[in-house]
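The structure appears below as structure tokens.
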Amino acid sequence: MKHLTLTFIICFLIALPHAMAQQPGWVLVIHGGAGNITPARVAPEKQVIYEAKLQEALTAGQQVLAGGGTAMDAVIAAVQFMEECPLFNSGKGAVFNAEGKNELDASVMDGFTGKAGAVAGVTIIRSPVEAARRVMDSSQHVMLSGKGAEAFAREQGLQMVDPSYFHTDESWQEYMKVKERLEQEGRKGTVGAVALDSHGNLAAATSTGGMTFKKYGRIGDSPVIGAGTYASNESCAVSCTGHGEYFIRNSVAYDVSARMLYLGETLEQAAEYIINEKLKSQGGAGGLIAVDKNGNISMPFNTPGMFRGFVKQGAEPRVLMFR
Ligand code: ASP
């Protein structure tokens with residue numbers, strides 16, 4: 001009996017660090033877009049506002065995770081906060097296409113179930129990321145676009161708005177600037193979030209107005225599962241931002257996961273390689289945020305800056321903009 005008890009205690013002590021290592025605690029990472037974000041281009045008073053808004057977005061998701069909520073609920077909360085904030089290129093702050101209209105894209109993916117949802121080219125749904133989630137949860141499909149997506153969102157009882165809701169002076173000025181072929185300064189960024197919850201599940205969400213002056217009907221990487229968004233409990237959760245055509249052609253979000261699984265790379269190695277070597281060599285500007293199943297995070301970008309922030313269980317949140 002004594003012998004058995006001793007064996008049990010030894011086994012327990014051996015297993016304990018392993019069990020603890022398997023529960024890294026919850027993690028949330030967000031981005032508010034990558035671009036020409038440098039101290040010279042962002043006035044100090046504007047930097048304070050950006051940092052405060054990133055911090056509030058982190059808090060929105062952090063509250064979900066700290067309360068034992070799911071990674072999916074957390075990424076939706078963080079992204080929805082940014083969709084409501086005119087500073088970012090998603091929801092309220094969406095940029096204008098070449099016709100002077102706002103067409104929004106969003107997607108979500110659940111790393112536990114492997115389910116995903118997306119909407120593309122929508123013009124009257126207040127929260128595209130919520131619509132993406134409904135496509136995942138309440139339809140047989142992964143992606144709905146345009147009028148079909150809007151009819152579905154209406155059926156689902158989501159809040160619809162007049163297209164003028166998405167008109168912000170900043171986005172309009174940016175549109176006029178690009179229209180006049182002037183230098184594109186301080187481009188507003190897409191938003192995204194990835195999370196690992198206390199149950200060990202991963203999720204990712206991305207929401208955008210796309211690229212300023214994009215062609216009417218153009219769809220970028222953000223609503224494309226595997227390009228702008230990906231999550232799998234086997235590997236990691238990823239949300240991208242940048243020149244969408246490059247992210248689609250390179251299946252960037254999925255490639256991070258594939259490199260980890262097939263090549264045995266760490267999250268950091270995979271993410272760094274794709275953004276700072278592969279995409280960079282092609283001229284594809286942008287970045288991504290990612291968290292792996294062990295709670296490691298990576299936030300590479302090949303642009304001058306990227307709005308980003310993260311918070312881990314038991315640690316202080318951090319928000320960053322520049323290199
Ligand atoms: N990736 C987005 C798109 O191409 C834009 C961005 O992230 O800024 O639509």
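Using the three backbone atoms N, Cα and C, a Cβ is placed for every residue, glycine included.
Feature list (source: TrEMBL):
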- 1-21: signal peptide (SIGNAL)
- T190: active site, nucleophile (ACT_SITE)
- R218, I219, G220, D221, T241, G242, H243, G244: substrate binding site (BINDING)
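The separation of T190 (active site, nucleophile) from I219 (substrate binding site), Cα to Cα, is 13 Å. Separating the Cα atoms of G244 (substrate binding site) and the residue listed as 'active site, nucleophile' is a whole-number distance of 11 Å. Proximity of the recorded positions T190, I219, G242 to ligand 1, judged by a Cβ distance under 6 angstroms to any of its atoms, singles out T190, G242 in sequence order. Cα spacing between H243 (substrate binding site) and the residue listed as 'active site, nucleophile': 11 Å, rounded to the nearest whole number.
Counting only the Cα atoms, the space from the residue listed as 'active site, nucleophile' to T241 (substrate binding site) is about 6 angstrom. For the substrate site listed in the record, the two most distant Cα atoms among R218, I219, G220, D221, T241, G242, H243, G244 lie 16 Å apart.
Counting every protein chain shown, 35 other Cβ atoms lie within 10 Å of the Cβ of T190 (active site, nucleophile). Proximity of G242 (substrate binding site) to non-local residues of its own chain (separation of 6 or more, Cβ distance below 8 Å) is seen for A34, L279, G284, A285, G286, G287, F301, T303, given in sequence order. According to DSSP, T241 (substrate binding site) is assigned to a strand segment. Packing around G220 (substrate binding site) is summarised by its Cβ count: 26 other Cβ atoms lie within 10 angstroms of its Cβ, all protein chains included. Using a 10 Å radius centred on the Cβ of G244 (substrate binding site) and all shown protein chains, the other Cβ atoms total 27.
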